[in-house]
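Undergrad: First the structure, which I've put down as structure tokens, then a few questions once you've had a look.
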Amino acid sequence: METTALNSQKELSACKDKEDCQENGVLQQGVPVPEDKVESGQISSGYSAVPSPGAGDDPQHSIPAATTALVAEVHQGEREAWGKKMDFLLSVIGYAVDLGNVWRFPYICYQNGGGIGYAICIIAFYIASYYNTIMAWALYYLISSFTDQLPWTSCKNSWNTGNCTNYFSGDNITWTPHSTSPAEEFYMRHVLQLHRSNGLQDLGGISWQLTLCIMLIFVVIYFSIWKGVKTSGKVVWVTATFPYIILSVLLVRGATLPGAWRGVLFYLKPNWQKLLETGVWVDAAAQIFFSLGPGFGVLLAFASYNKFNNNCYQDALVTSVVNCMTSFVSGFVIFTVLGYMAEMRNEDVSEVAKDAGPSLLFITYAEAIANMPASTFFAIIFFLMLITLGLDSTFAGLEGVITAVLDEFPHIWSKRREWFVLCVVITCFFGSLVTLTFGGAYVVKLLEEYATGPAVLTVALIEAVAVYWFYGITQFCSDVKEMLGFSPGWFWRICWVAISPLFLLFIICSFLMSPPQLRLFQYNYPQWSIILGYCIGTSSFICIPTYITYRLVTTPGTFKERIIRGITPETATEIPYGDIHLNAI
């Protein structure tokens, strides 16, 4: 299929503004096209116009070059674009730098020293079902912080038990194995209300306080993305930069606390024996993978709004460096405070840092903040930072789903984006209700471990195999050269073809051979919950074999011909649009 050259502005002048012209049986309306928008043989975003099959042979269906350029340019005009390059870069950085950089990375340091598109959408829904719940917790803490005395500093509240021990009170307090801190009881008994649930088999009712919090979160999300990247690109100027200001403030404050050096020493002192453990490498790979977020479809969605020759290579390097440096700095922010807590409790840092996941933020760090001077101020900015970190990633995750659907069904949703976004947000809200129950924290832990992790790794592995093995590394590098002007070197080719797929396969096999035994606080997950977790994880990428089966059944020819045709990449990805096809270069 050959590419038809697009004529210049001079050739388009035959059709004046607001005049109808007819040429070779094709009716067209004159549309002024700026000279800098149409170049010979290529449309600005990398689409070239090609005639539909048989059009060049049949004079009744032949298309003048001017008509081709006109229709193609009108279609391209409907595609959104970033207002500024920094809008895109901040959105990607905001997506990569999220809550995981603040709690998952420090915790990992402590612990160790076709069908694909549908699968991504389902995974994104699972993530939205629990990720926004964590932001709802942070919002509840933020609202509770607007008081003279933070509510998690006292043992005299209605939710406290006899085991509540406030060792910051100044009295001669003895910390026993049965003691619980005011921050722990505030989180578990007041915010989560776990004591009103018996586990996964009896989640209890829905917390109306958290329901109101997550409704407010979704309202903010909706009005940030309902108009597309034009609005979300402006919002990230606040949500992506504000956390760095707060991290700087908290880092300075943490470094001045007594005992902070103990936390820093624990953070930086390597345990060389750990390097011999397979789990360390699996955790490290999983952390950087989930932090940068390849395989979620978000980066593809964001990049689709860029110009065709945007330097994605430079963007990838900048985002990766900023993300890793943020994780490294966040470790200092967390561990200086953990050192302070260890000093106050007269314990080792390892004992203080044993809280896993969000508990590290909502119990340990919250308790440390509550006992600092100007605690109310630091509590407000800290939990506001957590919310902005989460919003960035939620914007990105939902935008990946929205962009995929709008591009797949433009004739249905292209003019109804606001309504479609509303449907997506409402669906995610109802999907979150199970995590808002009194036992919702148990569901969050299950979804976090099983519903997203292995599924995303599997999808990314299939993506890598499809692109670099079947589409071909040579063709892929040729496409990159077409965009950037240079071809990737051998290092990148070896990584794409061999190292990355094999490493992903290694991580997946490690997970399958030794699935995590889930435990949250004093609750041990039943054995059937592991089976449930596998079922939830499988439900997302089951779309891939289902679609493969569908294509094999509907493709004509013998079984061998169907297999060969199914794994052979199409030479041109054609997007039908009226009497022309847009050929994605």
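Using N, Cα and C of the backbone, Cβ positions are placed for all residues, glycine too.
Below are the features listed in TrEMBL for this protein:
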{"type": "REGION", "residues": "1-59", "note": "region 'Disordered'"}
{"type": "COMPBIAS", "residues": "1-11", "note": "compositional bias 'Polar residues'"}
{"type": "BINDING", "residues": "Gly94, Ala96, Val97, Asn101, Ser291, Asn323, Leu389, Asp392, Ser393", "note": "Na(+) binding site"}
{"type": "TRANSMEM", "residues": "116-143", "note": "transmembrane segment"}
{"type": "TRANSMEM", "residues": "206-223", "note": "transmembrane segment"}
{"type": "TRANSMEM", "residues": "235-261", "note": "transmembrane segment"}
{"type": "TRANSMEM", "residues": "281-305", "note": "transmembrane segment"}
{"type": "TRANSMEM", "residues": "317-342", "note": "transmembrane segment"}
{"type": "TRANSMEM", "residues": "377-398", "note": "transmembrane segment"}
{"type": "TRANSMEM", "residues": "419-444", "note": "transmembrane segment"}
{"type": "TRANSMEM", "residues": "450-471", "note": "transmembrane segment"}
{"type": "TRANSMEM", "residues": "491-513", "note": "transmembrane segment"}
{"type": "TRANSMEM", "residues": "525-550", "note": "transmembrane segment"}
Undergrad: Can you work out whether the transmembrane segment (491-513) touches the transmembrane segment (317-342), with the criterion being 3+ CB pairs under 8 Å where the paired residues are 6 or more apart along the chain?
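TA: Answer no: the transmembrane segment (491-513) and the transmembrane segment (317-342) share fewer than 3 Cβ pairs below 8 Å.
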Undergrad: Looking only at residues six or more beyond either end of the transmembrane segment (419-444), which have a C-beta under 8 A from one in the stretch?
TA: 125, 128-130, 132-134, 136, 192-194, 196-200, 202-207, 210-211, 214-215, 218, 221-222, 225-226, 358, 398, 401-402, 405-406, 413, 520, 523, 525
Undergrad: Between the transmembrane segment (206-223) and the transmembrane segment (281-305), are there three or more C-beta pairs closer than 8 Å, counting only pairs 6 or more apart along the chain?
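TA: No; fewer than 3 Cβ pairs under 8 Å.
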Undergrad: Across all chains shown, how many C-beta atoms besides its own are within 10 angstroms of the C-beta of Ser393 (Na(+) binding site)?
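TA: So the number of other Cβ atoms within 10 Å of Ser393 (Na(+) binding site) is 24.
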Undergrad: Using Cβ atoms only, state whether the transmembrane segment (450-471) and the transmembrane segment (116-143) have three or more pairs under 8 Å that are 6 or more apart in sequence.
TA: yes
Undergrad: For the transmembrane segment (525-550), give me same-chain residues lying six or more residues beyond its boundaries with a C-beta closer than 8 angstroms to one of its C-beta atoms, as numbers and ranges.
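TA: Result: 114-116, 118-119, 122-123, 126, 199-201, 442, 445-447, 449-455, 458-459, 462, 515, 517-519, 566.
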Undergrad: Which residues, given as numbers and ranges, are at least 6 beyond the ends of the transmembrane segment (116-143) yet have a Cβ under 8 Å from it?
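TA: Distant Cβ neighbours of the transmembrane segment (116-143) are 99, 191-192, 209-210, 213-214, 216-218, 221, 295-297, 358, 361-362, 366, 379-380, 383-384, 386-387, 390-391, 393-394, 397-398, 400-401, 404-405, 408, 427-428, 431-432, 434-436, 440, 443-444, 447-448, 451-452, 455-456, 459, 462-463, 466, 536, 539-544, 547.
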Undergrad: Including all protein chains displayed, how many Cβ atoms other than that of Leu389 (Na(+) binding site) lie within 10 Å of its Cβ?
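TA: A count of 28.
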Undergrad: Validating a neighbour-count step here. Other CB atoms within 10 A of the CB of Ser291 (Na(+) binding site): how many?
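TA: Taking all protein chains shown, Ser291 (Na(+) binding site) has 20 Cβ neighbours within 10 Å.
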